[in-house]
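Some features that TrEMBL has for this protein:
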{"type": "TRANSMEM", "residues": "15-39", "note": "transmembrane segment"}
{"type": "TRANSMEM", "residues": "60-78", "note": "transmembrane segment"}
{"type": "TRANSMEM", "residues": "98-119", "note": "transmembrane segment"}
{"type": "TRANSMEM", "residues": "139-158", "note": "transmembrane segment"}
{"type": "TRANSMEM", "residues": "188-208", "note": "transmembrane segment"}
{"type": "TRANSMEM", "residues": "240-261", "note": "transmembrane segment"}
{"type": "TRANSMEM", "residues": "281-298", "note": "transmembrane segment"}
């Protein structure tokens, strides 16, 4: 009974127990910090309401993911703490695996899908800059529905052959395993691709809005404000998008290599590897730093723009007015 032997080794493996305890501690702290930052900073940050809603939802997925990890890892540690004469007693039933890993996997996919929707929202704001303010919160709601569809759909795609009520036991629970290695690699590759596209799209959107800002000085005040707001949002969101991309690339890359290259890990090595490369709780703990920095940058930029507007002299204001007037006249002529 090699499986029973591996399960017994895992239950008494100091390295795995330490990793699980560290993840529980990081996750617990991250939950508290994320909740505090949502109410103190994110909810008040000077960004478009749709952007703000999507960032809060991104944090919500992180909070739920960390709570799911606290529950799952605590469940495992308690099970390992029990003494079993039969080594097979340390193995886990499939319904227990489903209970523990489903919340972790679903929230992981939802979190991975949430940042690309922020980029999509900014792309929509750029394309419809002349009337985006009239859209209200409908864009955010639609994009959240898309997140849910992609995240839950990804989980169902990977776990479609999961036998929930089978009496079979496993050494260690994992949504992605050798049985669905190809599907897991495909899903991980999909998220890595959309995240890379999102990271590359941000500077493109910034350049487009900067060009709009230079060329469309004849447009109405509302349109010009939206273009300026787009530039400010893209500048301030860039650190968050970059931060997310780095953490996600490291985690997805590590998992993708395992399933694509087929590392010859023992069950004990796989369990330790799986939990060690999981960086989402660490990302949840450090993301507030990027959000606080972003909020301070937005506030500083806003104050600087107000100061420049106040310091604009009469002749400078007149020159600016006639520049706009001449440009508009030239286009009409």
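For all residues, glycine too, the Cβ spot is worked out from N, Cα and C.
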Look over the recorded stretches 15-39, 98-119, 139-158 and say which has the most C-beta pairs under 8 A to the transmembrane segment (188-208). 98-119
How about the transmembrane segment (139-158) with the transmembrane segment (98-119) - do they touch, taking at least 3 C-beta pairs under 8 Å (6 or more apart in sequence) as contact? yes
